Amino acid sequence: MISVTAPLILPYRLPPLNRNPSFRIRSSSSLQERELSSELYASATFPPILAAKRVVLVRHGQSTWNEEGRIQGSSDFSVLTKKGEAQAETSRQMLIDDSFDVCFSSPLIRSKRTAEIIWGSREKEMITDSDLREIDLYSFQGLLKHEGKAKYGAAFRQWQVDAANFNIDGHYPVRELWARARSCWNNILAHESRSVLVVAHNAVNQALVATAIGLGTDYFRILLQSNCGVSVLDFTPQPEGGSPFICLNRLNQTPNSPIGSSGGRKTSRRLILVCYGATQSNIEASGATYGDLPLNMLGIIQSQKTAELLLDLKVDSIISSPKKACSETSLAISRVQEAADCLGADCVPRYVEMKQMEHLDVERILQQPNRDATEVSALQPGWLNGFEDRITSEVWHQSEKAWQSLLSELSDESEPEKILVVVGHPALHIALMGHCLNLTKEWMGSFHVDAGSISVVDFPDGPTSRGVIRCINYTAHLGRWSIPITRSIIDDDEF
């Protein structure tokens, strides 16, 4: 069962996120570059909402043109493969017990078929929205990738390395897509619904996620969307009206393991951010303090499940906060890694380096007196909004030191591949992903992670280049102990 915890309305002293510039714009010497920067990073506000709303985005299953390596764009000649149908069926099973008020779908066959499989026997409304179609790629559409490279040369290269400025047939496809995504949000938020399913495509789902939290076109291909990957966004009304607060609750929860090769570029450098699981006094403890406590039985199970998920990877180092729950989680992962030969994953025994890093310990900062906020569980979306600015600033600055140290660890060229597991507090991982995306501390309330979850950052161009977020808040590996994606909405108070 996949179920929804509603967004929590908390005191909020930061400016609305979707009005902020999304990326630190480097100084530009030319008027043309400054105009381009303005176009790339400008974002519109969204219409006000009267009640909390959760939107679940799903990319379609594998299509015949995915399998062939063709550039699909908004063409409508491919259909789901058998694998794609199976992926859609897995998504249907994940969402089978959930109550959605409405389904919005792209009109393209591969997406509409995925939506029909997931929607199943539900009798509620399905809406086809042409703005949810995949990115328009004009003359590129239908070409195999090597054909596009041979026929268009420089334009194809720009599509690969500078998609935000990519121009073909007199169009800027990524800029057009971002504008279309904002239009989609206006339609979705205006609909009288509390729980919404949206089934669409890779690029448009990226654009929907990015525009929701205020990120510009420069983030294309940075927030991964695998076939049938699920992303979740929470919209919370502001007490004074205006554009809602928005939190990315989950990114790209895939039908299969997120650490495999499902989408995205190959990489030899990877960070896996692991949140420790439940502790002995989670109920009594606030999100700021529970890392000081040992894991309870549920937390031990969660750590074992995470260790099993990582078994097929050769982890080089496990770096953790010195807190008890972090140390216990790290030890569980290490033991399974080092037993890989006995467990059938390897024929060669592994040695995993274990380290503790003081910069990963943010609990001591969060434990400071917080005059403006009540005690808030870290399991609630948006909980970091409840801390005053001086506390979030200190978390941000300490996490930046941790981020630089982790990049330094990844930069070791003595090994051809490097995988680091980082175990810490949810606030730490949110801040680390913010540094990866080159954001500012004002974005910390825009992301959420749960106990026992993992988030994965790839560096396909090396740790000195931008990271790609493969997934955020992945919990499917926890099985029956997982954090569900949505919950049947029966009672407004519960929502």
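Quick reminder: no glycine exception, Cβ is built from N, Cα and C everywhere.
The substrate binding site annotation in TrEMBL covers Arg59, His60, Gly61, Gln62, Ser63, Thr64, Trp65, Asn66, Arg110, Lys145. Marked as active site, tele-phosphohistidine intermediate by TrEMBL: His60. The active site, proton donor/acceptor feature in TrEMBL is assigned to Glu134.
Shown on the structure are the features that TrEMBL records.
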residue	record	Cβ within 10 Å
Arg59	substrate binding site	31
His60	active site, tele-phosphohistidine intermediate	32
Gly61	substrate binding site	28
Ser63	substrate binding site	25
Trp65	substrate binding site	20
Arg110	substrate binding site	28
Glu134	active site, proton donor/acceptor	24
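Taking only the Cα positions, the spacing between His60 (active site, tele-phosphohistidine intermediate) and Arg110 (substrate binding site) is 6 angstrom. Annotated pair Arg59 (substrate binding site) and the residue listed as 'active site, proton donor/acceptor', C-alpha to C-alpha distance, rounded: 10 Å.
Trp65 (substrate binding site) sits 13 Å from Glu134 (active site, proton donor/acceptor), taking the CA atoms of both as reference points.
Across the residues annotated as binding substrate (Arg59, His60, Gly61, Gln62, Ser63, Thr64, Trp65, Asn66, Arg110, Lys145), the widest Cα-Cα separation comes to 21 Å.
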